[in-house]
Amino acid sequence: MRSAAKPWSPVAKAGSHGPDRTRPLPGTPSGMKSSKSSTSLAFESRLSKLKRASSEDTLNKPGSASSGVARLKKTSTSGAISELTESRLRSNTGTIPTTKRTGIPAPRELSVTISRERSVPRGPSSSKKLGSSPTSSCNPTPTKHLRTTPAKPKQEHEGAEKAVLESQVRELLAEAKTKDSEINRLRSELKKCKERWALSTEDANASDPSAEGTASPESDAQPLIRTLEEKNKTFQKELADLEEENRALKEKLTYLEQSPNSEGAASHTGDSSCPTSITHESSFGSPVGNELSSETDEYRRTTHGSALRTSGSSSSDVTKASLSPDASDFEHITADTPSRPLSATSNPFKSSKGSPTGSSPNNASELSLASLTEKIQKMEENQHSTAEELQATLQELSDQQQMVQELTAENEKLVDEKTILETSFHQHRERAEQLSQENEKLINLLQERVKNEEPSAQGGKVLELEQKCTDILEKSRFEREKLLNIQQQLTCSLRKVEEENQGAIDMIKHLKEENEKLNGFLEHERCNNSVMAKTLEECRVTLEGLKMENGSLKALLEADKQKAIEASSTVGQTAENFEVQEMLKVARAEKDQLQLSCTELRQELLKANGEIKHVSSLLAKMEKDYSYLKEVCDHQAEQLSRTSLKLQEKASESDAEIKDMKETIFELEDQVEQHRAVKLHNNQLISELEGSVIKLEEQKSDLERQLKTLTKQIKEETEEWRRFQADLQTAVVVANDIKCEAQQELRTVKRRLLEEEEKNARLQKELGDIQGHSRWVTGRATLLPVNEEPEPSEADAAGRWRGVYVNRTSPAPSDSATTVKSLIKSFDLGHSGGTGQSISVHKTPRSPLSGIPVRTAPAAAVSPMQRHSTYSSMKPASKGTSQRLDLPDLPLSDLLKGRAEDRKSDPYLRKSPSLESLSRPPSLGFGNTRLLSASTGGLKPSKLSVERRDPLAALAREYGGSKRNALLKWCQKKTEGYANIDITNFSSSWSDGLALCALLHTYLPAHIPYQELNSQEKKRNLLLAFEAAQSVGINPSLELSEMLYTDRPDWQSVMQYVAQIYKYFET
């Protein structure tokens, strides 16, 4: 749909299906009211009816009665996707700061809008500014923010086919847009000609010379035609440049899709086609954009400076976050209304009463910038929450895949065990049958014998058997008592033998000590004996020496005696004899001394011999004693060892006898108990086997059911892909029809221009004929068409515009819901069977460039992004702001307004609208099919059960969906009723600490004064929460510095900490 010309300023609108998007509004050229002839109005109305009829025939589906806005959601979503990739591709140029790429869709940047004006060549006699055609300004509808999944390698071929089809559609739309712009330009030129002709007739009547009056229109018409031809050529050149640029962007897109790091880019395939359509819109969408590229560049440089690098023909410098022009093209082509002159009512920033004095452009720009910043923050918040949700679902999917693998391995093991147990069960059953048959045979034989025997004999036998039993019992008791007495005697004898053994051991120890003492004394005596033998040998040597000396002395004595005899014979000698006598005296004295010493030595020798004899006798005695003692000790040791061995043998024999008797006593009882235990064990095994067989059959049925659902989903997705291809083909056909219509309109308008030029020449000739009349007649004749013609045209246009305005602002909610449902019918397979689910507005969109639909977890039927968008759309309604800023451009605004007014009574309902929209738990989806099937089947959890590995599995089964979404819903439910708490993710919602304090306040109100807290004191809030949790034994796994200095802490660590709180208080 098209509205009147509006100032170029980014205005954020609250959409009903996604986050808020920014859009550029066309600029307001300075001008005044221009009139339209009744013929042009009739022609335009007929032309719009034809377009509307053709578009409704090709695009309307049965049951949809909404306007063209709701019928063309697919092209709008494809354009929105194409924008995001182009903004990613151009994020490195430096004009706008980019965000950190994480492989998931990044939040959208602030849109940069450019106001444009064009200088129109005027004739010398034109003194008024020209008005712009309102049909050239387009008002795009809000599109959905898509959460696209990364494209898989299987679907690259399908994505390429989609991209080709969409590029064809956009090229056709661009061509139709160029034709439409040419039609609008020709209309404006026609209006200019009429105005100039009216002014020239007035000037000609005022000043009588007719030559100047007739020459001016002719001189003005020729340069106009030339300028039109030149502009047409320039537009064709620009169109060729844009086509080349579009081809280059397509090559970039295919390169990005084929690159290995295309996970982030594949989720936004098709974005590269956005600049072409945006550039077409900026070049051809309105007469403001019809100027030459050089004039546009100069004006942009002077207006915006070096911050905005713009170009008239380059698509790389167009605004990044503007909405997709494809949806607006379809709208203003299929639901075009006749253009009307500019009026004060077309200002979107007027008050609700429609006063002619609207708000100033500065206030409008400030309002738009404030709303843009707010919406961009919300978009970033939603983007991070979706990224967090995607990562959590991916982790849980990988865990579930591992669990499936483990369960399949365990299932195989169970199957093997089942086969083994079945074989053993069959063997036991056969054995039991054989035993039962034998038992029956024996019973039959016993019954036959009983029948054959007489009753008296039977009674005697019974008495004999009873007597035998009593005798056996008495014997067994007597033997038992005997055995007990024997056991007591043996124990007593064993104790005595042990005491004797202990005494013998002590005696042996004492004898060993005495033996050691005697050995020491013997060694000492031996040492003394060796010393005495040495001294004896020395004495013997000295005795031999003395004997030799004695012999020599005897020989000397004999010699001296002979000399004395000779001397005595010679008595009469002289003094010599005297000397000999003295010498004899000396010799005699020495002889006496030697004799004394010899006698002493003989006495000592005798003493030494006596001592030697005495010591040898003692030594012999000691040796005899030692040998005797040794023999006695050895004999005693042998006796003690023999006695100990005998005692040990007796004790072992007695123990063996006791054990044998005990074993014989309790043997039968053990056998009976073993038999009973084996029987019970076999019965338990049989029951367990039957239970495992039932479990395996139920698991098999569950797996078959899952396989059927998956095959059904695949079939429905393929059918939906075929439907989408058919829709694209119909869109191509419609675009071709529109192109043909635009070409026909162009030819008709050119024909009308020639007719008007001929009529203008004819009127100029008539003007020369009636120049002789008076001035008041000519003035009245010229004023009548000027003053009377605008009234019906303005009234008609205003009436039509009001009709279009009402049609835009108040669509039927059921129609919009059914249209959205028809577009995304195959994406809610998990919810199709539920009659109690009423999710009509919050539908999950799908990407037209991805082969599989965008699916969320079954429990998270309303994602945090959609909740945020719903809250952002409900908030203005509850505060009572002006509805003129939101309603004219939103096809589902009335529906959201009604939902917001219904929920206004509950102030805390806006925290979790998904809980209200779901009336019962969702049906089976892809993530929780195995868990729900296991719980409905009534099976006991196995050793790989989710509850054992993670207590959050029970919470996920209670709330449905993934563990992350279940824990998030639990947090929302626990903190419901607390002020300033809005939990939508596990990152930014917990950064100020209020959410943690509120969650812990529900369990520990004495530890946390929640009424005194505010969101500005982050450190206090976090310290209070950590201390309260630590007081009950929950260790703080979060870092205080990370929580304080980052607005978005790590969501996994926050989720782990919240899970610890849940496990402590809830499990």
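Heads up, the Cβ atoms here are built off N, Cα and C, so glycines get one too.
What Swiss-Prot records for 1-163 (among others) is region 'Disordered'.
Sequence annotations record features per position, and here Swiss-Prot assigns compositional bias 'Low complexity' to 28-40 (among others).
The phosphoserine annotation in Swiss-Prot covers Ser38 (among others), and the record cites a large-scale study or a structure entry as its basis.
Summarising the annotation, Swiss-Prot assigns phosphoserine to Ser76 (among others).
Taken from Swiss-Prot, the feature phosphothreonine applies to Thr77 (among others).
Per Swiss-Prot, compositional bias 'Polar residues' is recorded for 90-101 (among others).
Annotation source Swiss-Prot lists compositional bias 'Low complexity' at 123-143 (among others).
Residues or ranges marked as phosphoserine by Swiss-Prot: Ser133 (among others).
Annotation source Swiss-Prot lists phosphoserine at Ser137 (among others), citing a large-scale study or a structure entry.
As annotated by Swiss-Prot, phosphothreonine applies to Thr141 (among others).
The compositional bias 'Basic and acidic residues' feature in Swiss-Prot is assigned to 153-163 (among others).
Here Swiss-Prot flags 192-223 (among others) as region 'Disordered'.
The region 'Disordered' annotation in Swiss-Prot covers 250-375 (among others).
What Swiss-Prot records for 256-285 (among others) is compositional bias 'Polar residues'.
Residues or ranges marked as compositional bias 'Polar residues' by Swiss-Prot: 336-349 (among others).
Under the heading compositional bias 'Low complexity', Swiss-Prot lists 350-363 (among others).
For the modified residues Ser365, Ser368, Ser424, the largest tally of other C-beta atoms within 10 A is found at Ser368. Look at the domain 'Calponin-homology (CH)' (961-1066): DSSP puts its residues at 62 helix, 0 strand, 44 coil. The two recorded residues, Ser368 (phosphoserine) and Ser424 (phosphoserine), have Cα atoms 81 Å apart. Residues belonging to the domain 'Calponin-homology (CH)' (961-1066) score a mean pLDDT of 90 in the model.
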